[in-house]
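Peer 1: Just dropping this structure here.
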Amino acid sequence: MKRLGHVPIHKGDFHLLPPKVQRFVAEKAELMRPRGIYICDGSQHEADEIIDKLIERGMLSPLKAYENNYICRTDPKDVARVESKTWMVTPDKYQTVCHTPDGIEPIMGHWMSPDSLATELDSRFPGCMAGRIMYVIPFSMGPVGGPLSKIGVQLTDSNYVVLSMRIMTRVGHEVWDALGDNDFVRCIHSVGLPRPVKQRVINHWPCNPERVLIAHRPAEREIWSFGSGYGGNSLLGKKMLALRIASNIAKDEGWMAEHMLIMGVTRPDGKEHFIAAAFPSACGKTNLAMLEPALPGWKVRCVGDDIAWMKFGEDGRLYAINPEYGFFGVAPGTSKKTNPMAVATFQKNSIFTNVGETANGEYFWEGLEDEIKDKNVDMINWLGEKWRIGDPGLCAHPNSRFAAPASQCPIIHPEWESPKGVPIDAIIFGGRRPAGVPLVFETRSWLHGIFTGACLKSEATAAAEHKGKTVMHDPMAMRPFMGYNFGHYLQHWIDLNKDGRKVPKIYHVNWFRRDANNKFLWPGYGQNIRVIDWIVRRLDGEPDIGVDTPIGIVPKKGAINASGLPDIQWDELMSVPKEYWTNDAKEIRKFLEEQVGPDLPKEIRAEMDAQEERINKQA
């Protein structure tokens, strides 16, 4: 067997790797001291081999009702992204965070000094892979070799990560060819539990929750993740590379890396528009990306459901690619009623984490009660306990996930892997706003749209560790994923609007407004096509369908196609209540002054002043 120093190479030819990758692998093998090295090739044979090993070990079990679907339960302490332990590391603190006043904790960006990082890494990574295999995963974000694509190499000691990365990114030999001796994003991941293990491993899921650390070094294009196997912390191509590191690269190179879905919407007359939309986690990005239109003649096709990399083309239009290869979706609430296309996507070749399992070998989670054939079937919940519908507690963890290949989505767009991307006509921001915010409004300009995105708020969700129903700020839906100083990020958006460029129109939507009895005012889901229809008509210049308000243009009464809808309280749904917005404006000013302070671009401050003035003048 070939060796690298003392370490046997179980698979792959080390000497065929690009020289920079060889140095990276050798250096980290010396640091983490695995018992062997395994260079992944992304083949089906490799996946089958790893799946068999994990089934034998008890970490995965097949869901017998489907073809090649597997379920896995994690340690109950390792179930979500850990924002409090996720850091950006820059020599100057203010490259990462804004200049906030004394006593105000920045909510965007979480800074650590390079010296502190060195200490933290030194206390974790030496010898951390003892007794485990180090897998080397070459992966491409975006089509291999595409002009907008980026290559990463992830080292990990988790086979769950190897299996998930081949669904979520493009893994394979061709990545090495595309890389050559160019630079790549260095991704180092360990579950942080060297063998012999001194503590009890729960659910055959090694992790080290007390010692979790996720650190990004943007200047070095490097990511370190320790102690967690959960996807949001361990699949380093996802939020870490595709948003936190990519937003830094994008700032340097003049493009955008955003937390947005990309959808193609075709009108009944055959004209297609592409829309990117930013919603905080668990506000329905995946549902909108795979919308099943309730209006006849409309067609929606999905390019991506979570991340958009966008760059202006030679023709002045903004082109977007989905850098991912799969969907990593929240399972609870996903059903044939709420998202039939997602359900169709994960009928095979998918991995389910922390969901329930029925005695018939099917998955189960909250939201599937009406769709399950046998309501009395015995189940095992996400904690591995016996469970039945009607029992107390939840069957699936609220942040349980499916990982499914995007190519299996029945409405995946034929251009979803186009290397140059699709041209974006509109950007939508949205969040869960129970009060005060109309169903949809169009912003006044690119700058007013940036201001509106900076003010994005939403009720907190399961994807992060926050609890309770508080409405939280989530600017541009990027709060947990900001890769650098948010004031500089806003300035970057402003600077992108150069002469000769056609910037998209920017909209804000709110599917979640409630009436006095706490009932939703809007039916949502497939009916959201009616809002998209209004947006598209605005894009196409249809006259007389909008009304000016202090916050932007809302649909004129009767402008939204209501055929076949039950009674909707249109006035309440579209209203812009003066008292609400007067208070909101004060709250937004306080937020931007405290959180962005002197880093707030003057153009955005001017937008804030102008909007306050419009609200105060409102009758």
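Just so you know, the numbers here start at 1 and follow the chain as drawn.
Using N, Cα and C of the backbone, Cβ positions are placed for all residues, glycine too.
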Peer 1: Of S123, S281, S445, which one shares the substrate site with R81, Y230, G231, G232, N399, S400, R401 in Swiss-Prot?
Peer 2: S281
Peer 1: For the GTP site that Swiss-Prot lists with A282, C283, G284, K285, T286, N287, R401, Y525, G526, Q527, N528, give the additional residue from the candidates R317, R432, R433.
Peer 2: R432
Peer 1: Record says K239, H259 bind Mn(2+). Source is Swiss-Prot. Which of D305, D306, D315 does it list for that same site?
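Peer 2: Answer per Swiss-Prot: D306.
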Peer 1: List the Cα distance (Å, whole number) between G284 (GTP binding site) and D306 (Mn(2+) binding site).
Peer 2: 10
Peer 1: I need the nearest neighbour of D306 (Mn(2+) binding site) among the binding-site residues R81, Y230, A282, N399, using C-alpha distances.
Peer 2: A282
Peer 1: To the nearest whole angstrom, what is the C-alpha distance linking K239 (Mn(2+) binding site) and N399 (substrate binding site)?
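Peer 2: Counting only the Cα atoms, the answer is 16 Å.
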Peer 1: When the Cα of G232 (substrate binding site) is compared with the Cα of each of the recorded positions H259, C283, Y525, which one is closest?
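Peer 2: Of all the candidates listed, H259 is nearest in space.
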Peer 1: For A282 (GTP binding site), which of the listed binding-site residues (R81, Y230, G231, H259, N399, S400) have their CA atom within 10 A of its CA?
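Peer 2: Correct set: N399.
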Peer 1: Which chain neighbours of the Mn(2+) site, leaving out K239, H259, D306, have a Cβ atom within 8 Å of the mean position of the site's Cβ atoms?
Peer 2: K238, A242, L243, S281, I307, F481
